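Copied over from TrEMBL:
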type	residues	note
COMPBIAS	32-55	compositional bias 'Polar residues'
DOMAIN	68-153	domain 'Nucleoporin POM152 N-terminal transmembrane'
DOMAIN	205-316	domain 'Nucleoporin POM152 first Ig-like'
DOMAIN	460-565	domain 'Nucleoporin POM152 Ig-like'
DOMAIN	569-673	domain 'Nucleoporin POM152 immunoglobulin-like'
DOMAIN	772-856	domain 'Nucleoporin POM152 Ig-like'
DOMAIN	888-977	domain 'Nucleoporin POM152 immunoglobulin-like'
DOMAIN	1086-1164	domain 'Nucleoporin POM152 ninth Ig-like'
DOMAIN	1170-1256	domain 'Nucleoporin POM152 Ig-like'
REGION	1-57	region 'Disordered'
REGION	512-533	region 'Disordered'
Amino acid sequence: MEYGTPRLRSAFPQTPRRGENDRSPQHRANPFRTSAPPSQQRPLPQVPTLKSSPAQPAEPLIPETIIEAPSQRLYAVAFWLALWGWRLYDFSNLVDAEEQSLWLFMKWVAIDGVFLFGLPGLRIPWLEWSSATMTLIFLAHAVADAMLMFRIPIPIMAGLAVVWRGVWGAYETAINEHGVNPDTVLFNDSLILGRQIIHILPEGSAILNPERLAFCIDGQTKNEVRLPIMINATEPIGIDILHVDLETQANTTIRISKSQIKTMHKEASRLITYSNNPNEPKTLYFTVKKPGLYVLAKVVDASNLEVSRKRLAHTVVVPCPRAEFLPAQQDRCRGELSNVQLEAVGTPPMKIKYRKVVDKAPQTSTFENIQPEDLVSPLLKQNVDALVVPNKVDTSWAKSHRVRVPLSEGLVTSGTWVYAIDEVVDGFGNRVQYSNNQKAEDRKTSKTHRLHQSIEVHERPVINLQGCTPQHPLKVPKGKPGRLPIHYGSTGKGTILNTPYNIEYIFSPQADLSSSSGHGPAPQARKETVRSAKEAPYISEPGLYTLTGVSTDFCSGDILEPASCLLQNPPEPQLQVTSKSIYDKCAGSSIGLRVDLDLVGTPPFEVEYTMSRKGENHHETGRERINGLRGQMDLTPPEAGQYEYTFTKISDDVYKNQPLTGEDKKLHQAVKPSASARLVQQGKQITCIDHAATFEAQLNGEGPFKLEYELVHNGKRLKMSKEDINLNFVQLETPVLQEGGDYTMALVSITDNNGCTEFLKDEAKITVRHQKPKVSFGQIEGRRTVDMLEGKQVSLPLRLVGEGPWTVRYLDSEGHEQTIRPHGPNDRLVVNREGIYELIDVSDNICPGLVETDAKDFQINWIPRPQYRISPGDIESQKDNVLVRAEVCEGDEDAVEVLFKGSPPYELSYVQTVKPDVGTVAPRNKDLRAALNVASLRMETAVAGAYEYKFSKLKDGNYDHSPNHFAALTITQKVNARPSAAFATPGKTYSFCSVESDGEEVLPVNLHGVPPFELEVEIKHHGTIKPEMVHYSNIDTQSYNIHVPHSRLHLGKSAVSLRRVSDARGCSRFLDNTTPRVQISVHDAPTIVSLEERTDYCVGDRLNFGLSGVAPFQVFYTFEGHARKASVSSGNTFKRLAEKPGTFQITGLQDSASSCRASTNITKRIHGMPSVRVSKGKDSYVDIHEGGQAELTFDFGGTPPFEFTYTRSSNTDKHGKKKGQVLDMRSEVSDEHSMRIWASEEGTYEVVSIKDAHCAYAKAGINVEQAKGAKKRLGYY
């Protein structure tokens, strides 16, 4: 026993503890312990020894010494409640997304599984349940998770209602004035028993292309398509398909035989969706190889009966769209246009997606709305999925068209430009992809089409001369060739390597050169080809060479300055030697020779001579360098003797080691000093051609002097002199220099007053320019006319000849004179205006020049900016820039055509602003892209209001949008709201009298729209099925009172609904059954009338009487000889349920408005119900073949003649035990108590109503009308 707090009987049991066998050795040694102090210990009673003990529960996973068992249970329950809180939080945040619901359901099933199946592992007492219990708890949680996460509603109220009706039922007042459940009276299942179930093969159906798929044939790899034909519940043996050719409109019928259908079944059976069940739908595939329009014309089944066909839309098989690049020149030059053309072939409108790769940098672009300009196609304004082709087929719009799309852009970068077509889509949505991951058959197709266009853009060559100009000629020895010093370049960064150059130049012999233009009157045109930039043409004839053109195998190039080179063959060096003895002035003896050297050639010179002395066998060789045309040397040998000096060789700047011969080359000593003179200016003087040069000379000695000087040019000497010079400085002037080149002004001698003449060797250089400065315009791409984008700058190339800097005067595009100072021979004139620019004058830093008349003008033209306009036929009126489109009704389709002018592709941006009749809509920015010069702009008509389409931006392939050059147009359109109509007081009940009054009764209606209106009103009387329609027209006001003709009013209640309304704008609206309506109550006061004209009733019928007057009413009647009184507290209907046969007679009526009782005599006879048995009251099953018959037997109970209605409904399983859809309803009449009928159609046959001479009974939920083949109408139900 234990000590502690006593436990009540109602308390929870103690937490189970471990048995003695489960304790530690220490516990087993002392099994009985107490927590009381030792002083309170007392002897314990003897505990009997147990023979055996049952197995005790295991120790919890968490020992009770750490957390007690009740606390563990509390923590487990708290954790379980926390999970439910988390679960409900997820449920509250759940949105309508199947993915989220499925994920949350799987998440919580997993969490519940881990928690519930992991809980027994903790071994918490009282929470250790069996596996079956845990499984049931887990399944309950899973069901709760599914209902929460999938939002499955819990039908609590419906369940309570079912329980209520099941326990207490719905009661009505019977004729005996007590409550009766009408179901017990109305639905007596024992009156109609038995069914006959007939099963035959059902008649099937066939549909061509049920999914409205798009098909195409390309005639190569995809030369056939498989058209899907869905058949349902039939086994066809023949199928006819009508084919209409798209080009010729010719009709052809394709007949599919039984063997072909069998093959189609065999092929379809390989698909997973194929079912062997004959009653389940299956899809067969028929292969066609020709484009055209296909219609399922006829399907015949095994019984040679035609199967019904459902036509969703015609199936159009078109040639697959394709796109290719037209052949184009593959080698282009930098600066040219690409001039690539795409050709799209297919059913428009088409779309092409292509890539452009320039130096491995890809760009993706798309051309949309590719269509001929005069195309009229339903694909332009209608969704393909909703497209229904009329029976009278005109397939011209579905034919393939060839449309060429230009793609021209400036080739501004050299290298490889690759255009590749990625995808083409036609108007039906047939898509052909040409990307890298295309299928093998598509790759084979691409071989037959030019899907790629590669253009190699080459740099243009540029050449000029280096190291040779007319001012700095190229000097070559006679008879030896030299290379024209050409420098090769390009419009890119370097020289074009490994390509031959075609070089054109003109040549004028030196004798034909003129002072004005340089070249002679008839220069020779020459053309040579060099293999690479490392070579140059060889030239040898003296004269002027000018480069005129250069080209490679692909591109022509430009010639830069300097472009002219003067080749000269200088004269061979010559030497004239004169000598004089040199005397010592003191001794008067000769000490050597002073040798004068007169040279002809190109300085500097080098003269080689030998000196020998008589009596010696050897000689000495000496060299003298002379920088001019004259030189002097003193030969003073160191030793006395007879010396001989022989000049052996001469060299100049051009010729080397020319031998000298003749006795005049052997000299002796002779010299005599005289007066001196020198030139003040020693440097080179540059002079313009046709000008004279002037030098100043300084004279020393005793005057007057005589100065002799000479002008040397091209080996010719012009000797001149001046006498009687008394000044120390004198100006020496040359004649007019009419030839260009190098001149030398040399002083020859001077004679003083004593007649002594002194040799002079001072000289100066004169460089006479061969040409006058010239200016001309260069060419851009071979022309002096350039088309440029408006507002952009263009650099006009100048070609200048002379010494820079130059001063150039020109007339700009407006005729104003302008001046620029270019510094380079190939400088540029930067302009930004359209017009003609004319050069009028030029001069360089030294000389005035000439303007080349044939290259003095350069014309600048602006590329036209893009323009757009709206097709005039789409516009109703225009005021300034606002175009008014004809009004349309809300929801109608409408579009306008936009015409473009410029360089495609175009992009037109516009802002769509809507002022809806109700609410507000934010403006939307949209773009219209067009690959050609026409595009369709679809108008928005979804919401009624005033629409404004304001075009804001326009750009094409050349220009971005420019606000200064954009004419903003605005299209306005009024989308008229469809008119509406509603009763002024919906739901109200209007009371009318049964007697016609002075005026007609009215119902107020509010109309919205533009009058006049047309209104269609439906009047449905209580107790009738077919409503009456009343039309009202020419309604000129928006508040209108409907005058209901009294002839249309019936006694009792009638529902009045508005069905259709139209206004003056041609818009109409159909009002559905949800539109609020009003009620009309027609009554008399105080009267009572039977709502049915008949006097005979059956058990279960309701006797309905209309009351006229002011409620409440008192109705007095007799039944089975007993007088009764009934009260009608509200309403105007008196209704009682006939629960038993008898005679019912109303004798009087009293309402609350009158205390008198209106006497009446309305008698109704109530009869018992007839009965019928089909197939002896049992379910009979009969299977027949198509065309067979089965017998139906009917046994009646009641008073003949009998009229009964039976139905044929579809069988839902093999034996037809479940309710199917009612397929047919028939009525028959029998004068006997039994009847037999033969049936050949499949279905479940059962009687739904029976009528004898007095009464009729119908099953619950059956509404019997005039049935097919009926002989009589059942007048009640």
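Positions of Cβ are set from backbone N, Cα and C atoms, glycine also.
Remember, TrEMBL labels are computer predictions, not curated facts.
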Message: Under 8 Å between C-beta atoms and at least six residues away from its ends: which parts of the chain pack against the region 'Disordered' (512-533)?
response: 470, 488, 495-506, 543-544, 546, 548, 564, 689-690, 738-740, 770-772, 774, 850
Statement: DSSP assigns the residues of the domain 'Nucleoporin POM152 ninth Ig-like' (1086-1164) as 0 helix, 49 strand, 30 coil
Query: By DSSP, what is the split of the domain 'Nucleoporin POM152 immunoglobulin-like' (569-673) into helix, strand and coil residues?
result: 3 helix, 58 strand, 44 coil
Field: Residue distribution over DSSP helix, strand and coil in the domain 'Nucleoporin POM152 immunoglobulin-like' (888-977)
entry: 3 helix, 50 strand, 37 coil
Task: For the region 'Disordered' (512-533), jot down how many residues DSSP puts in helix, in strand and in coil.
output: 1 helix, 9 strand, 12 coil
